[in-house]
Amino acid sequence: MANNSPALTGNSQPQHQAAAAVTQQQQQCGGGGGATKPAVSGKQGNVLPLWGNEKTMNLNPMILTNILSSPYFKVQLYELKTYHEVVDEIYFKVTHVEPWEKGSRKTAGQTGMCGGVRGVGTGGIVSTAFCLLYKLFTLKLTRKQVMGLITHTDSPYIRALGFMYIRYTQPPTDLWDWFESFLDDEEDLDVKAGGGCVMTIGEMLRSFLTKLEWFSTLFPRIPVPVQKNIDQQIKTRPRKIKKDGKEGIEEIDRHVERRRSRSPRRSLSPRRSPRRSRSRSHHREGHGSSSFDRELEREKERQRLEREAKEREKERRRSRSIDRGLDRRRSRSRERHRSRSRSRDRKGDRRDRDREREKENERGRRRDRDYDKERGSDRERDRERSRERSKEQRSRGDGEEKKHKEDKEDRRHRDDKKESKKKHSRSRSRERKHRSRSRNAGKRSRSRSKDKSSRHKNESKEKANKRSRSGSQGRTGSVEKRKREHSPSREKSRKRSRSQDRSHKREHNDSKDQSDRQDHQSSQSGEPESQEKEHKSKDETV
């Protein structure tokens with residue numbers, strides 16, 4: 001009930017000039033029926049408020065999901081953008097107002113309006129009527145558009161969908177104000193899929209107000225106080241019984257005249273009523289039976305003419321509907337042809353543009369290919385040059401490396417030869433030096449021993465001579481001794497011995513220096529064999 005509060009203030013008594021005209025027509029109809037309630041005057045806005053869920057239109061979820069998933073709603077109705085296009089679609093496509101198409105729901109032999117199932121129960125193929133009803137809801141109709149639906153004169157199904165739109169979207173407190181002036185509407189329509197359930201607009205509206213069920217779905221619930229109020233008001237408005245005889249014919253004629261008028265504002269054409277004829281006939285009864293018979297014949301003739309006029313009117317209506325359908329189809333075909341021609345022209349222009357673009361793209365691609373080819377050829381040339389250079393450099397480098405290796409090997413052979421020669425020369429020099437040293441050492445030892453022995457002998461001799469001659473000779477012996485000692489032979493021998501000692505010392509020092517140098521070189525070169533040989537030679541010398 002929270003959703004009802006904003007709608008109650010803004011939409012208390014909806015009315016329209018067309019509805020007022022319809023009520024005036026019903027009031028003008030004579031005989032039997034109760035008087036309709038006049039429309040309440042008042043200003044109301046054109047914006048029509050919605051009641052309940054503003055996204056689902058208060059439809060059953062199963063029906064709504066089938067509507068949204070149907071290809072008819074997604075493809076064909078999506079192209080319809082205006083109110084008039086949807087109304088034309090209703091005129092050509094709707095043949096019943098049941099939510100499901102015939103034979104699409106399996107109710108397992110259940111009978112009745114709902115098939116023994118409350119709500120939806122089982123799904124099926126949703127009808128075009130409910131798809132178009134939800135399409136109207138997506139357009140957010142105004143008050144004027146809704147009144148145009150419920151007062152439409154071309155098809156009763158347009159009016160039926162308008163009333164169903166009101167039942168689903170308007171507050172329950174406003175339903176009586178919407179439906180009151182149409183409760184006695186006698187226009188027939190077949191509401192069941194496949195036919196077989198003909199009812200009038202008034203009967204359909206009474207079922208909308210008193211019952212929640214509509215075939216295999218449910219309308220939005222009406223609050224209990226509002227429902228009681230509606231029931232009481234319906235009791236005060238009983239159904240009109242169809243009249244027999246001339247008055248029934250007159251009622252049908254007036255209904256036809258009302259249907260004939262496109263807008264409800266048009267005044268009804270004045271016709272001769274059967275009441276007037278009856279009053280005139282009673283007034284003329286006193287003149288005789290002949291006048292009464294004449295009057296009766298005239299009345300029969302008038303009824304026959306009226307029937308013929310009705311048949312003509314029906315034929316005209318059929319021809320008009322056919323002509324309208326043809327005109328609409330022709331206009332649509334013309335529009336389609338124009339749109340197709342325009343689309344063809346546009347497509348031709350687009351094709352030309354696309355061709356030009358493709359040509360330009362091809363030119364650009366050719367240029368790019370040529371440029372790429374040139375760049376590729378240049379790159380290949382550069383690569384070949386670089387390869388040749390690298391090959392030359394590699395060949396040069398290989399030759400240089402070979403030469404360098406050969407030079408290194410030659411140097412190594414030379415160094416090895418030199419070292420071997422040096423080793424042989426060193427070994428020979430060492431052997432020679434060793435031999436010379438050994439010889440010199442023998443000579444020195446021999447010379448030293450000889451000198452010592454000679455000196456010892458000389459000293460012993462001198463001592464003996466001194467002892468023997470000390471007493472006899474005296475000073476002469478001493479002088480001679482001095483002379484002998486200072487003789488040149490003695491001095492020469494002494495000098496020789498001293499020079500030999502000096503030379504022997506020098507040779508010994510030279511040999512030591514050479515041996516030290518050789519040891520130093522051998523330690524630096526790291527040759528263990530030479531070191532062992534030198535050690536052996538040193539040991540031998542030692």
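The backbone N, Cα and C atoms fix where each Cβ goes, glycine too.
Bear in mind that the values here come from a model prediction, so they are computed numbers and not experimental data.
Swiss-Prot has this to say about the protein:
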COMPBIAS  1-12  compositional bias 'Polar residues'
REGION    1-41  region 'Disordered'
MOD_RES   Ala2  N-acetylalanine
MOD_RES   Ser5  phosphoserine
COMPBIAS  13-28  compositional bias 'Low complexity'
MOD_RES   Lys228  N6-acetyllysine
REGION    233-542  region 'Disordered'
COMPBIAS  244-256  compositional bias 'Basic and acidic residues'
COMPBIAS  257-285  compositional bias 'Basic residues'
MOD_RES   Ser289  phosphoserine
MOD_RES   Ser291  phosphoserine
COMPBIAS  292-328  compositional bias 'Basic and acidic residues'
COILED    293-322  coiled coil
MOD_RES   Ser319  phosphoserine
MOD_RES   Ser321  phosphoserine
COMPBIAS  329-345  compositional bias 'Basic residues'
COMPBIAS  346-419  compositional bias 'Basic and acidic residues'
COMPBIAS  420-447  compositional bias 'Basic residues'
MOD_RES   Ser445  phosphoserine
COMPBIAS  448-465  compositional bias 'Basic and acidic residues'
MOD_RES   Ser470  phosphoserine
MOD_RES   Ser472  phosphoserine
COMPBIAS  478-491  compositional bias 'Basic and acidic residues'
MOD_RES   Ser478  phosphoserine
COMPBIAS  498-520  compositional bias 'Basic and acidic residues'
MOD_RES   Ser523  phosphoserine
MOD_RES   Ser525  phosphoserine
COMPBIAS  530-542  compositional bias 'Basic and acidic residues'
MOD_RES   Ser530  phosphoserine
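Feature map: Swiss-Prot annotations on the structure.
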{"residue": "Lys228", "record": "N6-acetyllysine", "DSSP (3 states)": "helix"}
{"residue": "Ser319", "record": "phosphoserine", "DSSP (3 states)": "helix"}
{"residue": "Ser445", "record": "phosphoserine", "DSSP (3 states)": "helix"}
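Taking CA atoms as the reference points, Ser319 (phosphoserine) and Ser445 (phosphoserine) are 171 Å apart.
Per-site Cβ counts within 10 Å over the modified residues Ser321, Ser445 peak at Ser321. Here the Cα atom of Ser445 (phosphoserine) is found 167 Å from that of the residue listed as 'N6-acetyllysine'. Model confidence over the coiled coil (293-322) stands at 80, taken as the mean pLDDT rounded to a whole number. Reported as a whole number, the C-alpha separation between Lys228 (N6-acetyllysine) and Ser321 (phosphoserine) equals 42 Å. The Cβ neighbour count for Lys228 (N6-acetyllysine), using a 10 Å radius and every protein chain shown, is 11. Around Ser319 (phosphoserine), taking its Cβ as the centre, 10 other Cβ atoms fall within 10 Å, counting all chains.
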